[in-house]
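Annotated features, as they stand in TrEMBL:
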- 9-130: domain 'EamA' (DOMAIN)
- 142-273: domain 'EamA' (DOMAIN)
- 29-52: transmembrane segment (TRANSMEM)
- 64-82: transmembrane segment (TRANSMEM)
- 88-107: transmembrane segment (TRANSMEM)
- 116-136: transmembrane segment (TRANSMEM)
- 142-160: transmembrane segment (TRANSMEM)
- 172-191: transmembrane segment (TRANSMEM)
- 203-221: transmembrane segment (TRANSMEM)
- 233-252: transmembrane segment (TRANSMEM)
- 258-275: transmembrane segment (TRANSMEM)
């Protein structure tokens, strides 16, 4: 991908969000063990990106370890919370990273910027609309607590990737995915047990998820976060929440509910407000 560095950081993050959004329609066709999906798509992504690994351009220090740990924890927390609470909450909570990153910036700078915080509040209101769209009947306090950690892990992943490398973002993406695959296959026997029973259609979908949604999504995102602040990247990543239901509506003819549509509108308002204040 020789021409990718020429793209702006915002464009790269938006491409990442576009790749992530394809997860929604693709997983509708899969009935595999969730831990198998988590491990196998990470393994495929790691192998696809492995040729891009340039060890000399990566800082083999605590930041790389923090990146791999945060990424693995993010994947596991999403999968675990999906089995314990509503999908809307399990997916939406990772985007509370915007708040965590703002709070970290506030602590480091010791200056609270009310104008900068206003778009964050608007965006989080939109995320809340998405989470409420999943209903509360299938939610569980433990699942909600695990989901709450997703935003912390997403924020940690974003910050650590900037410290681990400035020139080999695809390399650390490969390492993070290979570590995740190893950990999940090692810790969850159900993932290993379900692997031999996969048919051709399931393998095809898993390859698409691994190459496009994971390798493409996190590869583009990590390339972009090298060029723009993590706070800005976390806001742009919210396009996944808008595009995912859109693809489901277009290709699977499952229309989003009123709370999802409200979430669309509120998040877009927050993004426009953020762009206006940044300008």
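Just so it is clear, glycine is given a Cβ too, placed from its N, Cα and C backbone atoms.
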**Study point:** Interface present between the transmembrane segment (142-160) and the transmembrane segment (203-221) (three or more C-beta pairs under 8 A)
**Key:** no
Study note, to complete from the structure: Comparing 64-82, 142-160, 258-275 for Cβ pairs under 8 Å with the transmembrane segment (116-136), the winner is 258-275
Study note, to complete from the structure: Summed over the domain 'EamA' (9-130), the DSSP helix, strand and coil counts are 103 helix, 0 strand, 19 coil
Point to revise | Residue counts (helix, strand, coil, in that order) that DSSP gives for the domain 'EamA' (142-273) | key: 114 helix, 0 strand, 18 coil
Review point. Is the transmembrane segment (258-275) packed against any residues at least 6 beyond its ends, judged by a Cβ distance under 8 Å, and which are they?
Key: 118-130, 132-133, 235-236, 238, 241-242, 245
Check your understanding: Can you give the mean pLDDT for the domain 'EamA' (142-273), rounded to a whole number?
Key -> 91
Practice item. Rank 64-82, 142-160, 172-191 by Cβ pairs under 8 Å to the transmembrane segment (233-252) and hand me the top one. Key: 142-160
Exercise for review: State the non-local partners of the transmembrane segment (172-191) in its own chain: residues 6+ outside its ends, Cβ under 8 Å from one of its Cβ atoms.
Suggested key: 33, 35-36, 38-40, 42-43, 45-50, 52-53, 58, 64, 67-68, 71-72, 75-76, 157, 161, 164-165, 214-215, 218-219, 222
Point to revise | Cβ contacts under 8 Å made by the transmembrane segment (142-160) with residues that lie 6+ beyond its boundaries | key: 63-64, 66-67, 70-71, 73-74, 77-78, 80-81, 83-85, 89-90, 93-101, 104, 176, 225, 230, 233-234
